[in-house]
Amino acid sequence: MADAWEEIRRLAADFQRAQFAEATQRLSERNCIEIVNKLIAQKQLEVVHTLDGKEYITPAQISKEMRDELHVRGGRVNIVDLQQVINVDLIHIENRIGDIIKSEKHVQLVLGQLIDENYLDRLAEEVNDKLQESGQVTISELCKTYDLPGNFLTQALTQRLGRIISGHIDLDNRGVIFTEAFVARHKARIRGLFSAITRPTAVNSLISKYGFQEQLLYSVLEELVNSGRLRGTVVGGRQDKAVFVPDIYSRTQSTWVDSFFRQNGYLEFDALSRLGIPDAVSYIKKRYKTTQLLFLKAACVGQGLVDQVEASVEEAISSGTWVDIAPLLPTSLSVEDAAILLQQVMRAFSKQASTVVFSDTVVVSEKFINDCTELFRELMHQKAEKEMKNNPVHLITEEDLKQISTLESVSTSKKDKKDERRRKATEGSGSMRGGGGGNAREYKIKKVKKKGRKDDDSDDESQSSHTGKKKPEISFMFQDEIEDFLRKHIQDAPEEFISELAEYLIKPLNKTYLEVVRSVFMSSTTSASGTGRKRTIKDLQEEVSNLYNNIRLFEKGMKFFADDTQAALTKHLLKSVCTDITNLIFNFLASDLMMAVDDPAAITSEIRKKILSKLSEETKVALTKLHNSLNEKSIEDFISCLDSAAEACDIMVKRGDKKRERQILFQHRQALAEQLKVTEDPALILHLTSVLLFQFSTHSMLHAPGRCVPQIIAFLNSKIPEDQHALLVKYQGLVVKQLVSQSKKTGQGDYPLNNELDKEQEDVASTTRKELQELSSSIKDLVLKSRKSSVTEE
């Protein structure tokens with residue numbers, strides 16, 4: 001019972017205390033967070049969340065903990081490790097680093113790590129221990145060991161040299177630190193080694209052989225040489241090719257060089273290189289600063305040799321002879337060096353009599369060359385008179401004399417070109433007219449590309465391309481003949497000099513000979529008879545009339561085709577028959593100017609322009625329009641210009657009547673048929689057959705290039721029987737196939753890897769050739785067999 005009352009009294013006391021106690025207010029966790037965020041937003045409170053979000057920490061506390069962690073870790077800590085220890089975002093760590101570095105000058109940020117001076121002092125002590133042990137340490141090795149940048153380490157260690165580190169850094173190579181004992185030991189080794197050297201030695205070989213530190217060796221060697229302790233020089237600087245040359249060797253070198261130059265008057269660069277002088281030119285310039293020298297490609301010569309050559313050249317010029325300087329020079333000098341020396345010498349004679357240099361070493365005076373030319377004068381007159389008696393020749397103008405000096409060679413015209421022109425004249429007029437007469441001489445010239453008429457149609461399929469012979473050239477003597485002649489008159493001359501002199505004289509001799517020929521032939525042609533000129537005019541009028549009527553009939557045949565085909569046919573007609581008739585008229589006028597040629601087909605656009613420049617103004621206007629009409633696209637315009645030109649030149653053109661037209665048609669057909677009978681070329685067979693079938697079908701002549709044959713065959717589709725047209729188309733396909741096969745074979749050349757392909761193509765070509773041979777007679781029969789009796793159908 002007593003216990004119960006005791007419990008009651010205790011509860012009453014607790015109740016009384018609760019009644020009189022003051023009330024305590026508590027905030028929830030959520031309310032606390034909202035209040036803190038509000039204060040942070042109003043910038044009344046500056047705190048940072050921890051990464052787990054359970055705590056707030058002030059920036060000052062972050063800085064304090066960073067300093068503590070830096071101290072705990074010995075003065076070097078990574079900021080990533082700080083972030084893990086302090087448990088805040090990395091950006092807050094980085095923000096505080098700047099404040100720490102500003103406030104504490106002994107702390108630095110290096111590659112994301114905080115480092116203080118205490119750490120660097122301990123690092124310097126470790127480096128000093130390594131240095132005293134090995135005698136040298138390299139910054140590169142320390143970078144790998146301590147994982148720090150080289151520039152930072154170099155700066156930090158340099159500040160502690162003499163204070164913590166007992167050593168010094170190489171001023172030329174700040175990547176190595178040495179001890180005084182190490183430097184002294186190496187200096188003694190270097191001094192002893194280089195004192196024993198008596199010939200040029202590569203420094204690099206000594207470094208590898210004796211294990212020297214490269215930069216230290218160069219520094220010590222430079223110091224010893226500059227102080228005079230080592231007598232010698234380092235050639236090539238601090239490079240792999242640096243060479244140490246001892247003074248004793250240099251003195252021996254210099255003695256030999258001076259002696260050789262004094263005795264011979266020249267120095268070879270190769271000889272100096274064999275003596276161990278790497279840069280011979282610089283050595284010579286340095287050695288002979290005040291001596292006048294001439295530097296060549298492989299040697300240098302003194303003024304004595306130059307004066308000797310100059311005197312010989314001067315004597316040759318004054319006496320009007322020649323001199324070869326090669327015997328005057330040392331045999332070791334190359335021809336190239338001799339030529340350079342001669343060029344230098346010749347500058348002194350630039351204002352005196354002109355000279356010519358042959359074979360790089362032979363100087364020939366202008367008087368000697370003129371004397372050589374005069375040796376041929378009598379021979380020229382004899383040959384010119386002989387030519388006058390034996391052969392009729394071209395009359396040569398002053399322009400031709402100028403041209404012959406620039407055109408070294410022009411090719412002789414091919415035989416088929418002349419045959420082509422004769423064939424076209426036969427097709428057009430029915431008459432065979434040769435150019436120049438039976439005794440006309442053809443003067444051959446070497447090849448030169450001719451610019452004129454570059455737009456001529458090329459019709460390889462029909463072999464009817466319109467080309468002309470090259471302009472001939474009168475030649476006096478060939479080079480070997482000139483050489484033989486000179487050998488008889490020039491004694492003791494080198495063969496190479498004779499050959500080059502002959503080559504040099506060819507052009508002036510030919511030019512002089514042309515003048516002699518012209519003067520001789522002019523005197524023999526001044527009495528040309530008027531009867532001969534009348535005969536020439538009559539022949540010209542007949543040929544012009546024939547070609548004029550041909551053009552009219554060809555124009556009529558072109559009108560059966562579409563516009564694009566007509567354009568191609570018109571262009572071909574202008575470049576061929578129209579050009580022929582134009583050249584006939586121009587050549588007729590050129591005869592009065594002494595500019596005529598044997599074959600008018602050889603006249604190019606440039607020659608026509610030259611002839612125009614010599615004509616009177618009245619004739620020039622009409623002929624210029626005729627010349628320009630060849631480049632137009634209208635036959636009517638050409639005919640109009642031709643009428644005006646014929647009237648201006650007093651050439652009477654006979655227009656053909658119906659009877660004359662029938663004769664021309666018959667002669668043209670007969671000429672084509674005769675050519676078809678004898679030819680075996682499939683492309684030409686197809687071309688001639690197509691043109692003849694066209695004439696049979698339309699009673700009109702056609703002058704077409706090979707590339708228009710497909711259009712002619714297409715036109716004949718409705719004009720000839722279907723089986724004949726099918727045969728013609730089949731033959732056309734075989735011809736095209738053969739041409740393509742030939743083109744591929746030409747393009748491939750001779751390659752061993754193409755043997756199988758070549759064999760296959762050869763089989764195809766053989767089959768095509770056989771089929772063409774079988775069909776050729778059938779194709780010819782289309783116009784020959786069935787038309788034999790149709791002689792008078794026109």
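Using N, Cα and C of the backbone, Cβ positions are placed for all residues, glycine too.
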Record feature phosphoserine (Swiss-Prot), assigned residue among SER458, SER465: SER458
DSSP three-state assignment (helix, strand or coil) for ALA2 (N-acetylalanine): helix
Per-residue pLDDT averaged over the region 'Mediates interaction with DDRGK1' (2-200), given as an integer: 81
Helix-strand-coil residue split for the region 'Involved in CDK5RAP3-binding' (121-250), DSSP-based: 74 helix, 20 strand, 36 coil
Integer Cα-Cα distance in angstrom, THR536 (phosphothreonine) to ALA2 (N-acetylalanine): 178
